[in-house]
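If you check TrEMBL, you get these features:
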BINDING   Lys22, Ser23, Arg27, Ser144, Ser145, Gln146, Ser172, Asp292, Lys319  3-phosphoshikimate binding site
BINDING   Lys22, Gly69, Arg98, Gln146, Arg323, Arg366, Lys390  phosphoenolpyruvate binding site
DOMAIN    57-399  domain 'Enolpyruvate transferase'
ACT_SITE  Asp292  active site, proton acceptor
Amino acid sequence: MQITLQKSTIAKQSSIQITGSKSESNRLLLLKALYPKISLDNVSNSDDSNLMTNALTTNSDLVDINHAGTAMRFLTAYFSIQEGREVTLTGSKRMKERPIEVLVEALQELGADISYVENEGYPPIKIIGKKLTKYKVSLKANVSSQYISALLLIASKLENGLELTLEGEITSVPYIQMTLSLLDEIGVESSFNGNVITVKPAANNQQPKTLTVESDWSSASYYFSIVAISEVGTGITLSSYKENSLQGDSVLVNIYKHFGVSAVFNDNSSVILKKEFSNLEPLTLNLKNAPDIAQTIAVTCFALGMSCDLTGLHTLKIKETDRLVALKNEIEKLGGRVEITDKSLHLSASNKINELVSIETYHDHRMAMAFAPLALKAAIKIEDAMVVSKSYPAFWKDLESIGFKITK
Ligand SMILES: O=C(O)C1=C[C@@H](OP(=O)(O)O)[C@@H](O)[C@H](O)C1
Ligand SMILES: C=C(OP(=O)(O)O)C(=O)O
């Protein structure tokens, strides 16, 4: 479905409640399946988390996780240790192009029985669950941190725990730290020294525990962008967020200072964003620790007519779409100039935004959500708008609630 966002002005003050982080939820859902005494609050209502829940509760031997990268990677590890269970794990056309070899090889090295159903190195895969007896493995750490998190999530259920050696530059490190912190919250011990991570086997006396998932910081990024593009004085309150987040994308608080946006935490339950001043100085950033906010930031800069240099983007090519190419295509349709390499993006300063351009979203929720704030500057159309449900099903309803004018 294509929607049109009329040129909009938002309320001076508004508030939004976003549901739990999809990354934290998908980790905790898996941990809950391994440790049934855990209960969860504020779980993400995203498609990716619903798919994860269904995959963990079905008895079917065919599990389809559609576009959900974390579900694909985390469940590969999970089903590898479900002794006696045989599962084919598949996904969308794009999922079949997202590599999984690094994880499959590491699991095979530990003793797992996994084979490729179509193309070597890519989903779908067939997994026959087994007891894994080895405990040491090395893997490449610069392709996706999700492979590492997947192994860490099952590690405490292996007989002797796990010792992982990470080879090469480690990408998306905060997501690995998030995994280790969540393990710590349920009483699983681990250490991360240099390039070696160790996880101890689980103690037998796991206690009942309720964990509350913090709301999703990647989803919050679109409101940082909206406030940055709005007039000085505009404020949006977002809940439920805390100052010491497990989510690396909370670095938004520092990044958006550049755009004159302040973020003040209130009782560790909400954060108030406010546009304090305008600043159009060029922005230079390395986003290797926060790849999911690259699109948001590029579009904020384009909306404000600023130039930016974003680096550390090597993982963007294997996400829901090749996000570097998608950003270049769509910003250029709007009248901007973008140069990309395999790992960086340069946006030139510009002062014109073409009206009523139809933004293609390439089955990527973040393309739809990152471009939406542009409606504060010019009317814009978004193709396949329901793609947002991958991470944030209420996105369009929430935008309407703060004053965006959306027609079908
Ligand atoms: O572990 C996670 O929850 C995620 C890790 C990141 O992936 P990469 O490590 O592949 O960059 C991120 O882009 C993704 O949206 C979620
Ligand atoms: C890359 C993303 O998700 P995944 O890799 O889990 O599909 C994302 O949500 O931006």
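Residue positions begin at 1 at the first shown residue.
Quick reminder: no glycine exception, Cβ is built from N, Cα and C everywhere.
Just so you know, TrEMBL annotations never went through curation; they're auto-generated.
Keep in mind it's a predicted model, so treat the numbers as computed, not measured.
Annotated features taken from TrEMBL, shown on the structure.
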residue: Lys22; record: 3-phosphoshikimate binding site; Cβ neighbours (10 Å): 28
residue: Arg27; record: 3-phosphoshikimate binding site; Cβ neighbours (10 Å): 26
residue: Gly69; record: phosphoenolpyruvate binding site; Cβ neighbours (10 Å): 21
residue: Arg98; record: phosphoenolpyruvate binding site; Cβ neighbours (10 Å): 19
residue: Gln146; record: phosphoenolpyruvate binding site; Cβ neighbours (10 Å): 28
residue: Ser172; record: 3-phosphoshikimate binding site; Cβ neighbours (10 Å): 25
residue: Asp292; record: active site, proton acceptor; Cβ neighbours (10 Å): 26
residue: Arg323; record: phosphoenolpyruvate binding site; Cβ neighbours (10 Å): 26
residue: Arg366; record: phosphoenolpyruvate binding site; Cβ neighbours (10 Å): 31
residue: Lys390; record: phosphoenolpyruvate binding site; Cβ neighbours (10 Å): 24
Practice task
With the Cβ under 6 Å from ligand 1 as the test, give me the qualifying entries from the binding-site residues Arg98, Arg323, Arg366.
Solution key: none
Problem - Of Lys22, Arg27, Ser145, Ser172, Asp292, Lys319, i.e. the recorded positions, those within 10 Å of Gly69 (phosphoenolpyruvate binding site) when Cα atoms are compared - result: Lys319
Practice task
Out of Arg98, Gln146, Lys390, give those binding-site residues positioned within 10 angstroms of Lys319 (3-phosphoshikimate binding site), comparing C-alpha atoms, in sequence order.
Solution key: Arg98
Problem - Rounded Cα-Cα span from the residue listed as 'active site, proton acceptor' to Lys22 (3-phosphoshikimate binding site), Å - result: 12
Completion exercise
Note: in the chain of Ser145 (3-phosphoshikimate binding site), residues six or more apart in sequence with C-beta under 8 angstroms of its C-beta are Ile170, Thr171, Ser172, Val173, Tyr175, Ile176
Practice task
Could you check which of the binding-site residues (Arg98, Gln146, Arg323, Arg366, Lys390) sits closest to Arg27 (3-phosphoshikimate binding site), going Cα to Cα?
Solution key: Gln146
Exercise for the section: Report the recorded positions (Gly69, Ser145, Ser172, Asp292) that meet this criterion: Cβ distance to the nearest atom of ligand 2 under 6 Å. Use sequence order and write none if nothing qualifies. Expected result: Gly69, Asp292
Practice task
Using only the Cα atoms of Lys22, Ser23, Arg27, Ser144, Ser145, Gln146, Ser172, Asp292, Lys319, which the record gives as binding 3-phosphoshikimate, return the largest interatomic distance in Å, rounded to a whole number.
Solution key: 19
Completion exercise
What DSSP gives for Arg366 (phosphoenolpyruvate binding site), in three states, is helix
